[in-house]
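J.: Per TrEMBL, the feature active site, proton donor maps to His38. Sequence annotations record features per position, and here TrEMBL assigns ATP binding site to 31-38, 148-151, Val177, 185-188. TrEMBL lists Gln62 with the feature beta-alanine binding site. If you look up TrEMBL, you'll see Gln62, Gln154 marked as (R)-pantoate binding site.
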Amino acid sequence: MKVIRTIDELRSELADGRSSGRGPVGFIPTMGYLHEGHGSLMELARKQSGTVVVSIFVNPIQFGPGEDFETYPRDEQRDLSFAKSKGVDIVFLPSVNEMYPQPTKTKVSVSELTSLLCGASRPGHFDGVTTVVNKLFNIVKPDFAYFGMKDAQQVAVIEQMVRDLNLDVKIVPCPIVREADGLALSSRNVYLNDEERMQALVLSKSLQDAVDGMHKGILTTAGEVREQLTSAISKAPLADIDYTEILQFPDLVSIPDDAELETIENAIILALAVKFGETRLIDNILFQPKAGA
Ligand SMILES: Nc1ncnc2c1ncn2[C@@H]1O[C@H](COP(=O)(O)OP(=O)(O)OP(=O)(O)O)[C@@H](O)[C@H]1O
Ligand SMILES: CC(C)(CO)[C@@H](O)C(=O)[O-]
Ligand code: BAL
């Protein structure tokens, strides 16, 4: 496995791979502190690509003032062993100065899809994501790029950017990997103390209960689903709700409270963001109202 820190060196390594016919390039952008959620993306990329590239870069421009850019968990040595164990060919580990030698005057911005959910709570966040992902795509020129559905809005936004800008890459959304008790894996889980970690189970449980309620016909409208999610999460004393939403996916069109869910043709996403102490966690689940109809 090669560890590369500069754009020039990465470009020349990938050009060598292309000229010697190493097959498609699969790319997994990450912010490091790798876990089995990232691992699942790497494993899929390993199956589908000749060269697997992982980037590890905590991107300052997607963090707002007062967010956790400085304290975001980092462990380079552990990440390198993890990537190696997953059969990754190249880890790209640029410095902030390598990616942004001067403050960027150019930003890539996707409208509408970024004005709600995490975009509403984290103004400018998605501009930071789409700008860095665009830069990374231009550097790596991947055939496939792998993104986790834990960040479902990010998947929707990046797919929109790829369509709108005719980027020559196929986005591969990957399922959420969870702990045995249901908590979605996230680098930020390391911030949780024991009590917060226990109460954070309310996220996956409330989502699953809501989907069960929809399947059984107990929850029939979007309003009932919102109410059920909010009331279930509020029972955890440490939970501070940022949003509980129900929308169509991937266009992220909000569903009015009185809408009967069985009339909706598209996939539905139930999405949550909840703070436990200083730690903001997100989770979501997809539901197909017409499945099996
Ligand atoms: N539990 C998971 N299952 C599947 N994919 C995941 C999971 N967690 C993260 N990913 C994906 O890994 C990629 C890199 O994410 P990132 O490095 O931000 O990790 P993270 O655990 O989401 O960190 P944090 O939530 O603290 O920002 C993203 O595409 C993200 O959706
Ligand atoms: C895609 C990404 C690596 C861009 O910094 C980040 O938003 C993430 O880890 O999901
Ligand atoms: N996985 C999303 C990156 C962030 O929270 O900034």
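A Cβ is built for glycine as well, from the same backbone N, Cα and C atoms used for every other residue.
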J.: Within its own chain, what residues at least 6 apart in sequence put their Cβ under 8 Å from the Cβ of the residue listed as 'active site, proton donor', listed in sequence order?
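T.: Set apart from the residue listed as 'active site, proton donor' by at least 6 residues yet with Cβ under 8 Å, we have Ile28, Thr30, Val54, Phe82, Gly148.
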J.: If you measure Met149 (ATP binding site) to Gln62 (beta-alanine binding site) at Cα, how many Å is it?
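T.: Here the two Cα atoms are 18 Å apart.
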J.: Of all the binding-site residues given, Met31, Leu34, which residue's CB has the most CB neighbours within 10 A?
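T.: Result of the Cβ crowding comparison: Leu34.
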J.: Distance between Val177 (ATP binding site) and Gln62 (beta-alanine binding site) at the Cα atoms, whole Å?
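T.: With the alpha carbons as reference points, the distance is 23 Å.
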J.: Count the Cβ atoms, other than its own, that fall within 10 Å of the Cβ of Gln154 ((R)-pantoate binding site), considering every protein chain shown.
T.: 24
J.: Does any of Leu34, Gly37, His38, Met149, Val177, Ser187 have a Cβ within less than 6 Å of an atom of ligand 2? These are the recorded positions; tell me which, or none.
T.: none
J.: Going by Cα-Cα distance, pick out whichever of the binding-site residues Gly37, Gln154, Ser187 is nearest to Gln62 (beta-alanine binding site).
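T.: Considering only the listed binding-site residues, the nearest one is Gln154.
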J.: What does the structure give for the C-alpha distance between Met31 (ATP binding site) and Gln154 ((R)-pantoate binding site)? Integer Å is fine.
T.: 14
J.: Which three-state DSSP class does Val177 (ATP binding site) fall into?
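T.: Coil, per DSSP.
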J.: Return the residues near Ser187 (ATP binding site) by Cβ distance under 8 Å, restricted to its own chain and a separation of at least 6 in sequence.
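T.: The answer is Met31, Gly32, Tyr33, Leu34, His35, Tyr72, Pro73.
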J.: Looking at Cβ-Cβ distances, which residues of the chain lie under 8 angstroms from Gly37 (ATP binding site) while being 6 or more apart from it?
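T.: Gly148, Lys150, Ile176, Val177, Ala184, Leu185, Ser186 - these are the non-local Cβ neighbours of Gly37 (ATP binding site), listed in sequence order.
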J.: Work out the three-state DSSP category of Gln154 ((R)-pantoate binding site).
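T.: The residue in question, Gln154 ((R)-pantoate binding site), is helix (DSSP, three-state).
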